[in-house]
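*Asks:* The following feature annotations were taken from TrEMBL:
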type	residues	note
DOMAIN	205-378	domain 'O-antigen ligase-related'
TRANSMEM	20-48	transmembrane segment
TRANSMEM	69-87	transmembrane segment
TRANSMEM	99-114	transmembrane segment
TRANSMEM	121-148	transmembrane segment
TRANSMEM	168-185	transmembrane segment
TRANSMEM	194-214	transmembrane segment
TRANSMEM	220-239	transmembrane segment
TRANSMEM	244-265	transmembrane segment
TRANSMEM	363-387	transmembrane segment
TRANSMEM	399-417	transmembrane segment
Amino acid sequence: MGSQTLNIERLDNIQSSCLLLFTIFLMVSSFNAGYSISLAILIIFELYRYFNIKNKQPMIIRSMMPPKVILKLFGLFFCALLISAVYHGGSTIHSTWKYIYWAFPFIPLFYSYVKDKAELAFFMGSSIALLILSAKGWLQIIDVLVGIQKEQWRVTSMFVGPNDYGQIVEQILPVIILGCLWLFYKWKTSHEKIYLYSLILQTITLLVSVIPFIGSFSRGAMSGFVGGGLFVIILYSVISIKRYIRYIFVIMLSILTVVGGFFAFNKVVDSNMRSILPSNTVQASLVIELPKENVMQRFDKETEFSREYDGERLLMWQSSYNMWKDYPFLGVGFDQWQKQYEETYCFEEAKERNIPMPHNNTVYFFSTTGLIGGIAYIIFSIGILLYFVKQMYKNPQNILLPIMIWMWSAIMIHGQVDSGITNKFVMHILCGTMGLVCGSIKRSES
């Protein structure tokens with residue numbers, strides 16, 4: 001009996017190591033080869049572990065099916081997309097299946113959960129990933145300050161655009177912040193050094209990542225991060241204000257620090273740029289080898305809250321509404337928005353025509369998949385949130401639940417002004433995390 005327990009413990013440790021490796025590539029998002037290889041390793045070992053313990057822990061194995069509510073919500077959403085895709089045919093079917101495949105990380109991470117070990121591996125993997133992304137961000141900040149980077153003022157890290165970087169970091173930061181609380185609690189109660197070392201790593205990651213995140217100047221990411229955090233604080237307050245008052249204070253302080261830092265960093269960089277650049281427009285243009293334009297006006301346009309392309313997005317939303325009016329039930333096709341926009345629905349006054357989507361998830365699903373897909377998206381979004389809120393009320397000690405709620409709320413907010421869950425990397429992270437959280441729920445029930 002003792003040798004069996006030892007063998008299972010060893011298998012759990014190896015599986016958690018595989019989870020840590022995959023989490024790094026899942027969160028970094030940019031390395032497709034690393035993502036695929038680490039995912040394959042995780043799946044292979046999960047199968048190996050399953051065949052080694054299925055006779056030793058039959059009750060646990062039989063109970064490990066994803067929650068029915070989650071399966072029904074995913075099924076409703078994806079079936080609605082497929083109905084629209086089958087109607088339109090052609091490339092729309094392929095693009096829809098491809099989108100559904102982005103949710104695949106849910107399955108391996110659901111079966112990777114091992115109590116406490118999975119949380120630790122997930123937190124450490126997320127921390128390492130964010131350190132990598134932040135290091136690249138800091139290099140870009142330095143390049144801007146010394147004058148090497150002249151075209152892009154905003155931090156993009158390893159991504160094409162700053163908003164893409166913002167979307168990823170707003171998903172990882174809740175893991176880091178709430179992970180610090182969990183690690184501190186585990187260290188104080190168990191006094192195991194692994195939790196202390198992990199806590200130090202998480203804290204360093206949090207401190208290092210704040211400025212690059214702010215440097216992305218992503219309004220949607222900031223709004224989503226803060227909005228999701230405030231929602232979690234409210235939930236904790238409703239559940240038990242006295243019991244979690246210290247934790248709530250830490251979360252609030254973290255959020256206020258980021259928000260305050262956003263404004264401070266904006267002003268400091270603005271002031272520094274004005275001091276190092278010549279005031280004369282022509283001189284400034286010559287110094288940084290750009291066309292003869294007001295350089296500070298260009299900097300302001302990229303970093304202030306109101307930007308010149310906001311009007312473009314309003315035009316996109318109006319065009320999307322016109323698409324929906326013409327194709328109310330099944331939309332124009334999941335992958336046809338850009339084509340329809342450029343050829344038929346783009347207003348003459350619109351300057352940006354080569355746009356893949358209208359920077360609003362609700363508008364996108366209604367215009368591309370009609371009432372069927374749009375309503376399914378709303379039910380899916382709200383249903384997922386309500387399910388995890390209900391689970392948090394049942395088990396407030398499960399630290400993964402508020403993390404999932406924070407991440408989901410953040411991307412739902414951000415998705416109203418950006419790509420949101422239509423972004424491949426965001427879907428990978430969200431669905432993978434959701435799988436891990438659902439695994440923790442099922443294990444606690446068994």
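Note that Cβ sites are derived from N, Cα and C of the backbone, with glycine treated the same way.
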*Asks:* Counting only CB pairs under 8 A, let me know which of 69-87, 99-114, 399-417 has the most with the transmembrane segment (168-185).
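*Replies:* Counting Cβ pairs under 8 Å, the winner is 399-417.
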*Asks:* What parts of the chain pack near the transmembrane segment (20-48), using Cβ distances under 8 Å and only residues at least 6 beyond its ends?
*Replies:* 11, 14, 105, 108-109, 111-112, 121-122, 124-126, 128-130, 132-133, 158-159, 168, 171-172, 425, 428-429, 432
*Asks:* Pop the mean pLDDT for the domain 'O-antigen ligase-related' (205-378) in here, whole number is fine.
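*Replies:* It averages 75.
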*Asks:* What residues elsewhere in the chain lie close to the transmembrane segment (99-114), defined as a C-beta under 8 angstroms and at least 6 residues from its ends?
*Replies:* 12, 15-16, 18-19, 22, 26, 39, 42-43, 46, 50, 64, 66, 74, 78, 81-82, 334, 422, 424, 427-428, 431-436, 438-440, 442-443
*Asks:* Which residues of the chain, 6 or more past the ends of the transmembrane segment (69-87), have a CB below 8 A from one of its CBs?
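*Replies:* Result: 93, 95-97, 99-100, 103, 106, 330-331, 333-334, 368-370, 372-373, 375-377, 379-380, 383-384, 387, 434, 438.
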